[in-house]
Amino acid sequence: MAPTNTKDSDTPGWLHRHGTSVLGSVARQACKQPIYTLVITALLATMTYTSLLEGSLYNANLTRLSNSHLNQLDVTDFLQGSRSLRLGKATAWQWETDDESMSDQEVRPSFFLDPVASHLALITLVFPTSENNPGISAVQESIISDLAAAQLVSRTPSVLSSTFRETSITLSVPYNNLEEVLRKTQNFPQPEAEHSWTLKNAGKCNSGPKLRLWLIDVLASFVGLIKHAQIIDIIIMLLAYLAMHLTFLSLFMSMRQLGSRFWLAYSVLLSGFFSLFFGLKVTTSSGVSTSMITLSECLPILVIIVGFEKPIRLTRAVLRAATESYLPAKPMARRSTPEAIEVAIMREGWRIVRDYAIEIAILAAGATSRVQGALPQFCFLAAWILLFDSLLLFTFYISVLCVKLEITRIRKHVEPRRALEDDDISTGNQDFDSRVFGCKVKAANISRFKFLMVGGFVLFNVLQLSSLTYGNVRVSDWMPYLSNLSNTLMPAPINPYRVARNGLDDIYVASRANNIETRVTVLPPIKYVLQSQSRHCRDNFAGPLCDTLRGRTLGCVLAWLEDPVISKWVIAALFLSLVLNSYLMKAARWNLRQSEVIPDSSATVSQTKDSSNKLAEKRTVDAMLQEGRVSLLEDEEIVNLCLRGKISAHALEKTMERHPTMSRLEAFTRAVKIRRTVVSRTPSTIDVSSSLEYSKAPFENYDYTLVHGACCENIIGYLPLPVGAAGPLVIDGRNYFIPMATTEGVLVASASRGCKAINAGGGAVTVINADGMTRGPCLAFSSVSRAAEAKQWIDSDEGKKILATAFNSTSRFARLQGLKSAQAGTYLYVRFKSTTGDAMGMNMISKGVEKALEVMKGHGFSDMSTISVTGNYCVDKKPAAINWIDGRGKSVVAEALIPADAVRSVLKTDVDALVELNTAKNLVGSAMAGSIGGFNVHASNLVAAVLLATGQDPAQNVESSSCITIMKNVNNNLHISVSMPCIEVGTIGGGTILEPQAAMLDLLGVRGAHATNPGDNARQLARIVAAAVLAGELSTCAALAAGHLVSAHMAHNRSKVAAKTG
């Protein structure tokens, strides 16, 4: 049922199918004409950016400069970003902020319909101070004498005023006199000095916004924002911008892993900027107001949250589809680049669109919410940005990918031919098939393509220049169309309490004392600069002259070219055009060179063709080998490298792991496939191993990442081993199904019959008498007496304590239980015995032994040499009396009492027959043979099956199956027991990490380490092994006693011979 459910769940729905079809159609059209798509998108984005720039920056600067030139001051310029406060009985004599900034009052005159007794304006004049600048005392005297309507109030110093060396003066003036006061404060001449305080940007030559002045203005605005911001806000924004740039870095690193060092990541960022321009255009056209401050604060958060995962996923899918088209399994079915892109969109397109839809829906919900502040406006803008980003991903970025893949393919196919031409070898041109974007082309087509590329970029630059030439002739003509832009990009309102708190306190005291209702408009700080008067006069004179000498068209063009962003974009576009054309011109030149080579005769062409192809292929493969890009070669090429000895077969996993688009599992599976081919084609064994490549030994759908470096080397596949479940069997009061991996028929069935008989008597009972793994190193000394001294020291309490301390320091689970030594001439054998937790423990105890021997050398035995860390005194994987007597691993005894009725009904025999059989066969017969630990029927069968099923070391079956089976007649019932002193199992490490074996451990409930008592899981597994042996011994002895063993094996475990014909 599981496969059916999976299939049903994976079936795409109607929306999925039709959405993917639409995406495929869009991408297909973009891939047919990728250059047109790129140029049109860039042209639209540039036009959008230019309109935004003209409406927000250029026209604003032009208006301000023209007004200053005519000495006409516009109060609305100073009111932008201001805030209005009111005080009176209606506000309970508390300052209340109006909902809208003063910049909106010009648009909505109804704002002033609510009359008040007094309407004041608070002006903060900011002067930079330094050691060379004169003081501002003269400025204060000038204000007192010349501005009768203005009053000095307490200034509010900024937290960062001392850092930036600024001094301010705060004035309170009637709102009706604001324009007059501002006009008189444009310039404060210094008496007996050649300098004067001049209002920033006042009186400059109307020559357009220079780059240096623009940068200074931006820097000053930035500093002003910092001075009036809280420290925590600054820290948060710094962290946001840092995280945003880390996101950019992650994008470049991800694209570099996919094989692109710069261009793909750059294209993703460029697509993001285009989306921002389009989103701003739609937002401004919709009348939604979003300030530049809000953009600068929220855009980093949007970049961090959304990220660039979608373009990376699409790129990875396209590269994978392109790589699959070059697999050796389908040498004649290579996809074109548009086909590879279409396959990638079929796989990932719908998921990407679904993610975009979810994000846009969340932003749309935020845009329609009633949350106070700028969040709804920014959500509206962000939703449009993501919408355009999704459209550009499947048009603009898909075109970039198409061009990138085509250029890579052209270079890959042309490099071998270039190598041949350098050696004066002709390959002919009959079979050369040059395809660009899936269509067959000639050299003339490529030349025409280059012309269109260059012409397209030149055309769009000319159009942009023309649009600007005729666009800024009169600012007033354009203002109705750009009003929305001006509203959108206007400065954010200031915080009046940070700018003029002390001045507001003075007004509050006066108004409350006189009981006068008051409205106060707090203007943003007005900056002043110190200028030379002579230079100021020259600038005033040069203004009209500049306008006269230069035409309006030329001024607009120069102003546009001086813009810091547009100029960079023009340079970037021209550079991109140059790079693309360089690639295409090289491809066209190589193609033309190839067509100019005329073969002398058909015989020469045919003879040269094969040899030249082989030579070119060999050179290309060798070059990629030297560059460390073997994983990008085809399988057949890698096989040839292995057979030539250029690549070691055992290192294929490490080599394939470097593939940029393959997962680690896919790379390892590919390595196994290649190694099978190498083994099959190795010349020295090809007569016997040639069948492996196409044999039925499986190698796919297996997790080789778990095997690599842990379980096996030189992997050529895996062998499915049948696994049966015997039982259930009650062991110490709990039911278990016992997994057995075996190819011997009747074994699982026999064990299941034994389980049934044991359950009839209440189940099996197990006990563990000992738990300790052993390791016996061999030590050599210069003389027998030195070996004896070492033996005495090891057997002493002091020696045991020192060795135990050193041994136990190597692991938190290893605890030395005992030492046993034996001397043979100058050789000394020491048997370490230690607990090892839930691990089988061979590696753990070996590490402890090495540490103990190292410490022993420092206690008077520096002349000792270690022959081997294992001296066969352990004893490991060999039958030995010492294991039978002292035990190794888990020493387990299991017993069961079988009722006489169950013996007759289930086992088909009687108690006395079983007792006599066991005595004669298992005890006397094994003694006659001189067996060590072999006093059983077939304990090794059961032990090996359980060890294989649970991921144990199968070789440990040699000592683990040491067993003595005892049967007794107790009150006409059968009492059976098995004693097994050397069960060596673990539940962590080794083969237990493999998924199938781990699943069998889960079946027994003993997977991994025990959570509270280390070692309990491994001991429980040893109990289960002993109980399984108990069931197997019981059933097989019964079959022997009843004479059923041979007939059962003949019926279930004998190969059927094919019938003879003819």
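The backbone N, Cα and C atoms fix where each Cβ goes, and this holds for glycine too.
Computed from a predicted structure; not experimentally measured.
The active site, charge relay system annotation in Swiss-Prot covers E744 (among others), and the record cites similarity to another entry as its basis.
The active site, charge relay system feature in Swiss-Prot is assigned to K877 (among others). The C-beta environment of K877 (active site, charge relay system), restricted to residues of the same chain at least 6 apart in sequence and closer than 8 Å, consists of A955, Q956, V958, E959.
Summarising the annotation, Swiss-Prot assigns active site, charge relay system to D953 (among others). Under the three-state DSSP scheme, D953 (active site, charge relay system) falls in the coil class.
According to Swiss-Prot, the feature active site, proton donor maps to H1049.
Annotation source Swiss-Prot lists domain 'SSD' at 233-403, citing sequence analysis.
The feature N-linked glycosylation site is assigned by Swiss-Prot to N61 (among others).
Residues annotated as N-linked glycosylation site in Swiss-Prot, with sequence analysis given as evidence: N484 (among others).
Averaged across the topological domain 'Cytoplasmic' (1-34), the predicted model reaches a pLDDT of 63. Annotation source Swiss-Prot lists topological domain 'Cytoplasmic' at 1-34 (among others), citing a curator's inference.
Break the topological domain 'Cytoplasmic' (252-261) down by DSSP state and the numbers are 6 helix, 0 strand, 4 coil. Under the heading topological domain 'Cytoplasmic', Swiss-Prot lists 252-261 (among others), citing a curator's inference as support.
Marked as topological domain 'Cytoplasmic' by Swiss-Prot: 309-355 (among others).
Feature annotation from Swiss-Prot assigns topological domain 'Cytoplasmic' to 399-450 (among others).
Per Swiss-Prot, topological domain 'Cytoplasmic' is recorded for 586-1062 (among others), and the stated evidence type is a curator's inference.
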Other parts of the chain folded back onto the topological domain 'Cytoplasmic' (252-261), taken as Cβ under 8 Å at six or more residues beyond its ends:
268, 308, 312, 315-316, 319, 404, 660-661
Length of the line joining the Cα atoms of D953 (active site, charge relay system) and E744 (active site, charge relay system), in Å:
19
